[in-house]
Amino acid sequence: MEDWVSCRSEEQKRCEEKGQSTFDESEEEQWRRLKEEAMIDSDDSEGAAGDEGAVVLAEAKRRKPRKSGKVIATQKCAQPQNQHRHQQKLTKSLSTYDMENLLKQYRNISAEEEDEVDVDITKFLQDDGVDSEDGEGPSVTATELLSSLISGRSADTNKTEELADSFPLANLNDEVFTYENEAAVKKTPRNKEKRTNKSGANYVIKETVVEELNVVTDLAEVRTGSQHASTDFLNGCPPKALFYWFDAKEQPHTLTAPGTILLFGKVCMNEEDEEFRSCCVRIQHVHRNVFLLPKEGSTDAEVVQEINAICRGSGIEERRIKFVERYYAFEEPGVPREKNRWAKLVYPGRYPPFPNKGGLTHVQVVVGASRSLLELFLIKKRLMGPSYLEIEHLVTAMDRVSHCKTEFLVPSPKDIKVYNSSKPPPPFTVASIQLHAQLDSDGVKNEVIAASIALYGDVSIDGERKPNITECFTGVRQLSPDAPLPLDLETYCLSKRMPGVHRFINERALLTWFAETLAALDPDIIVGHNIIGYTVETLLNRYQELNIVRWSTIGRLDVRRFPRIQGNNFNLAIEKEACVGRLVVDTYLLAREYYKSTNYKLLSLSTQMEIKGITDNRGHFEPGSTVLVKDSMMSSEALCPILLQLLNCAVLSFNVASFLDVIPLTKRLTLLAGNLWSRTLYGARSERIEYLLLHAFHNLKFVTPDKKKRDLKRGREDDDDEGKRKTKYQGGMVLEPKSGLYSEYILLLDFNSLYPSLIQEFNVCYTTIDRDENTVSAEVPPPESLICLSCRAAGLPSPCLHKCILPKVIRGLVDSRREIKRMMKSEKDPGNLAMLEIRQLALKLTANSMYGCLGFEYSRFYAQPLAELVTRQGRLALQNTVELIPQISPSIRVIYGDTDSVMIQTGIKDDIVKVRNLGFEIKGKVNQRYQSLELDIDGVFRAMLLLRKKKYAALSVVDWQGEGKVYKREVKGLDMVRRDWCPLSQHVSDAVLKRILNAEGGEDILDFVIKYMKGVAQDVRSGNVYPLEEFVISKSLTKEPESYHGTGYPHAVVALRMKQRKEGVRVGDLIPYVICEGDEHIDDKAYHIDEVRRSDGLSVDVEWYLSSQLYPPVMRLCEHIQGFVPEQLSEAMCIASHMRTERDVKEEDTANDFSHCSIFKSRALSECFPTATALQVQCTHCQLVVPVDPHKYINDMFSSREKPPPTAPFELYVCFNCGRSLPLAYLANCMTQMCHTIIRQFYCSGGNVASVRALRAQFTYLRAMFDVPQALNCPSAVKNAHRVLSLRCLGTDRKLYTLADVERFPDVEPVDPLLACAESFYRRIDHLFVSLDKLFDTP
């Protein structure tokens, strides 16, 4: 018998003799050759092979052979007959997929091995460790290896033992693999920047470096599932227990257990050992309370009779009615705002709510009919957020409704009492989860590919200590049945210090494991980035699609029936309902609430916060965005970094939550408000204030108003539509800024908590302001209104207990915060200091949100007259301060003011002490006028560039209370802080702004800007300086991409193409795109950055970027600097610009069609004027209606590569259909009629703001279309075509000239009659605006 090496060698020799290579054979021939080689030395008897069943090798580990110049000698050995049969059966059982992979390895022999005479094919079937330095060590033949793989044992025990260190054999039963240490062969990553471009690219191409992911955090080994089993370990039920509650749920009256409240928390099983277990407490026999105000003149018996009749009609069989005295002070019309006699109806919660249809005979108003049982329970039991409860009469629940480890029944709410103690809260278990889902093969549904869970035990919800990761779990499934996962995945990941990896054959198995794991871990808090709106929605959709039995383990309610959905997706309410019992920390929502950024993606946030996960770098995989393919999941080496990055994102989500301290902060906010902690985590700010006031008024025996129903038809709209919702009353005062560059010190003074302070200052409250339903503007309450009638009759002092409730609540918050800040000054321990900081921040956020309940239309405590009074007093306070400042010192002046702050130009250049003393003087004079309102120094600016309202940049003096030598730049409202400007635009603006603010004088600022921008423009056009990433623009999706209609949404067009490529696109995502060259609309020129990288024919539209991304922000930064002329900047950048009037600059803050039209290019005016109507005329020859567009006509002529540029006079206005000339007089007449029609429509519309904008945009569009020769930096070829080559024969003196006459009279400039017409109408729109500020000026 010959071995495989000799066969391969002879065959290669025969091919060399024929002058051809072995690898020139076809795939079929190579396949046949491999089969023949595998069958060498085996018997030809097919009967023996047919006696036994075929053995199918499902999957084998194939590793790339190590490059070596030495030949491995293969020993000859006689094979037994049974091994021959095994070899034959293996050959027949090889699948097409396995054989193709074998062929691929067959072809990929290194160049060094091709030159060798003897090549061993067994290298493709064994581990790298078979190589030895001298090449003479023991080896294993291919037949022995394949036979051992089938039988599960070694073919030669002695040989296997000798090769134990270098040649690990894989047993398919136990799947035990070993690997050599790769630390010694770690490659140094290359980080080069290529200066050469690919063909057609006009940007620097960066070589993408994929760094190896290494775990830098020790991850604990995963414990067995039995240790997490959720079994009830109680042998008996204690008479009472200490229970820490943090979430609750009301059972509606339509379910099997109506009128029940479920409390979720942790029960203390052993007070000595402080052992806590998750627990659900079901409170039975909860009652509803309804208050009914009898009409004047009705008797108690009549009221009771009418109430009983309504209850009998509604099926309320059990009820109690009694008459009580209660106060009322809110907006229900016809209800007196004093103490009154009310009828109180009490009945069990298992009955439906009391009907409140109005039109009752003896009852004037019904309050509390729509109030939920849970709200009533929290208010009546005075549960102020998560806390300990002492519960009596516990009964172990036999019919469990939750996934908690323990579950009890409580007969009555009276068995629950608040446990007043300073006992610290129990430790919590936190699970941070991260999914990777991508569209299926049809591009319709999101399917889960992998999921990771990072578990944190013993977490302090007060933020006393930072926890470490306890366990980690990661599950991954194969993409399709024909793409199995590598068998050694778990062992390989474990060798990379990543435990807890599990493989699954399909999505159903993966999700079943995920649901069971959550049930076993039983976390109290679930953390995730965009978990509400994406993760939970994806899980619920896939759970329902695949009918996962334990789908409800995402929460703690054991629900078997899936919720009903409308359409294809769950709404947010259903998602939150599914998570009841577990607190959900969505770092995306909370970061938007408590962290200011332009990009709220997880990886971007972690970079901004300088947060690290468990790896030393980020890798190339991004969960939810990167599309996984089969090739990336075929080997453990490729799949392990993906799973590691998935787990790393789960860890990063928890680290972001820890960085923001959202768990202790939201807990403290809940303790102040007395609402549900879960609702605070979802960002229900108005609800927090409502509960705070509900507790305050209920404790004083007030009847509180019901919730208002919101307009459910109002959906999610674009950001532009938000501005259409106008406030019903005037807000704060914003002074007109005195724009310019200031080099003297600027003093910034600010009222501390203006609106809460005004409420205290003027006793603004529901109980003190007289008003009715017709009151629009309320007045400051007089002193006699600060005491109620009953307290006045009792001789009590003013203000009484039942008045000024809102100011008292705010004063309590302010005083508490002041006390905590005093404690922080003396606190030395960092842990205690951090906890105090969280407490004071919670008090500040709550106090500042109190005003919102007055002006929010859908708040149950909405009172427009009170909100209007507060803002009016705020405007008066600011105005009085502005008037007082010049009286203190004539040399100072107010340059800007906004709601609660003023900026003062001090006139001082180099003495910070004088500036500080001036601020203290102004502060003292203003504060003498008020008791609760306080003006303070908010900051000092060393230099300031003030552009317009809410737009400025300044150098803030950090140590203004000291020497004043430390500066920090502060930017507000400028283009450079917005994400819809590319990084290059932001960097250029940053450099210009840095030079402006740091300049001693304005002499060389403009020279620097002109020179710098000229160099930038040259670098951009050269394409050899800036990489592609500098041109990426990012914009957020406010709705589904399919919901965008019309033009002007390039990010939506790019998002649609991303969805076609099965990339994950969700509402709220930032869509990156690049504008490339082309004559299409901007929507059609936008491409994803990956599309540009992959394409050789796409190039960045540098002219568009220069005119639309670089010029506008720099021009706006410099326009108020003395001596700046926009034309100088446009000439330096070699772009075309259009002169802007002073009125254009003033109206730039308002979004309209004219706001971005100061820059004109010689093409694509439709991009600048998307709403303008084009000029269309009927051809006098072919009778078709054709557009008139000289821009497009000339640019098409010069951009055409098929035709040479025109060299002889040609007609400019020709029909696009027949190509014949159109008469100039006829065109001018058509344009005049069109303009008259537009003006007539404008007057018919009433001349509103929208009509004015549309009219200006239309006439500016027409003027720009025919004004190309007048535009600066118009290309010489285009300008020559317009003015010389084309037949424009109307002179400036309104006389007709021929081209020859023009040459003889050079002073006579040819003028287009259409341009003259456009200019005449353009001047007429000036009469639409009257400057009233100079109307009464005297000369």
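Yeah, the Cβs are placed from backbone N, Cα and C, and that goes for glycine too.
Of the listed segments 1-29, 697-725, Swiss-Prot assigns region 'Disordered' to 1-29.
The separation of C1235 (Zn(2+) 2 binding site) from C1218 (Zn(2+) 1 binding site), Cα to Cα, is 26 Å. A separation of roughly 19 Å, to the nearest angstrom, links the Cα atoms of C1179 (Zn(2+) 1 binding site) and C1235 (Zn(2+) 2 binding site). With respect to Cβ neighbours within 10 Å, the binding-site residues C1179, C1182, C1215, C1235, C1244 differ, and C1244 shows the lowest count. Per-residue confidence over the zinc finger (1179-1218) averages out at a pLDDT of 71. Within 10 Å of the C-beta of C1218 (Zn(2+) 1 binding site) there are 13 other C-beta atoms, taking all protein chains into account. According to DSSP, C1235 (Zn(2+) 2 binding site) sits within a helical segment.
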